[in-house]
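So that you can see what the record holds, here are the features copied from TrEMBL:
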type	residues	note
DOMAIN	1-390	domain 'SAM-dependent MTase RsmB/NOP-type'
BINDING	ASP138, ASP166, ASP267	S-adenosyl-L-methionine binding site
ACT_SITE	CYS329	active site, nucleophile
Amino acid sequence: MEEHSKLPLLPEAFLSFLEKNGIDPSIYTASDSTPRYLRLKPGTEGELEEIEAEIKCKLEKVNWLPGFYSLPPDVLIANSKSYLDGKIYGIDAASGAAVSVLKISPGDHVLDLCAAPGAKLCMMLDLLGDSGSVTGVDVARHRLAACKTMLQKYSLGDRCRLFVADGSTFSLAPVSVDSLSRSCESAFGENDEIFREWTSRRPWKERKRAAKAREAKSLQLVSSSENPELIFYGRQSGVVGLSKNELYKTMSDLEVSSFGYDKVLVDAECTHDGSVKHIQKFEHWGWKTLQRRVLDAERTDSLTVLQLKLLRNGFRLLKVGGLLVYSTCSLTVAQNEDIVEQFLKENASAELQEIDEAKEWPSAACFAATSTRPLTEYRLGCIMADERGVHCDAERSEHWVFLFP
């Protein structure tokens, strides 16, 4: 009875929305008991007891997600020395699951089409090791700037490049070591501007030019017609030594099949109705804001169009044999099953495959079926060469996987 006492706080319009999508409204009363998660930076596992003593909390290992630990929602880590030193960082378990099923290996070229705010990028780069690259793309300049700050804080930006761009039209290739060496050789004698090692202390003229460009952009979000804006690149990201013409050369469909990305994550913009804590914030923001952001039909229609465009473009940039994960934090059929179903109808080479890792996830016996709507908080999908789809309910997180060969 006490759990359901909070339900009247949800407006009738939202309750109707939940009923239409087969979602139990009681999940939105669970934020006080829903744990938070953090990930230890590889190499710091031996300092676990020291970290626990510092934050005055015993961390519980998440057995189904390597490197992850849960902690009570009221424990704060932002002012701890371990956090400030970059030994730990907060990241949702569901986000970690989305990255983990990409099966990133050293040497992979990875693309994150909706990269902000950056925790997933950090995990990708941790998994990547000393070879390969990660390209982060986001349409929101201020949110991508937060990614840059995070990468620099954790010293993980060496193999990463960040572009402010529309993920539904982004077309730049990953940069291989071979193309980098060729670029360095061909750079001499060219008049085109060459990218040198990144530094935040740029020459005054360059800073002034960049400031004018920012002033000229009245909107925070870039349009699909704008060229990608490179706001950060690491020393080993493949950018140093390239000319602008070489960096901004787009790939043809034929080139993508051999030289596209090995792994692509499309963590698409959505209504966020699957995030329990996000929905509860509307108690303070106002339920009218919820109506505009979540329930408005025009808003949701435009989002599903965008989600399908992002998925199509992510697949277009994937090399033959590569793997793509599609994820949202919405529980609605329209933003998940319907998007994937429409995409699969359009792409005969995209097939579903069972998630091997899901066998160790909570409720791993649950299999995908549009007629079953489990009470979950996060949904993801990944495309693989098999004709089966799987989801599981893991710590209120729903996971879907599909792969595109």
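Placed from the backbone N, Cα and C atoms, the Cβ positions cover glycine too.
Ranking the binding-site residues ASP138, ASP166, ASP267 by the distance of their Cα atoms from the Cα of CYS329 (active site, nucleophile) places ASP267 first.
Put plainly, the binding-site residues ASP138, ASP166 were compared by Cβ crowding within 10 Å, and the winner is ASP138. Comment: S-adenosyl-L-methionine site residues ASP138, ASP166, ASP267; largest CA to CA distance 13 Å, whole number.
Other Cβ atoms within 10 Å of the Cβ of ASP267 (S-adenosyl-L-methionine binding site) number 24 in total over all chains. Neighbour density for the residue listed as 'active site, nucleophile': within 10 A of its CB lie 25 other CB atoms from the protein chains shown. Note on the domain 'SAM-dependent MTase RsmB/NOP-type' (1-390): its mean pLDDT in the predicted model is 80. Neighbouring residues of the recorded S-adenosyl-L-methionine site, listed in sequence order and excluding ASP138, ASP166, ASP267, comprise ASP112, LEU113, CYS114, ALA115, ALA116, VAL137, VAL139, ALA140, ALA165, GLY167, GLU269, LEU310 (Cβ within 8 Å of the Cβ centroid).
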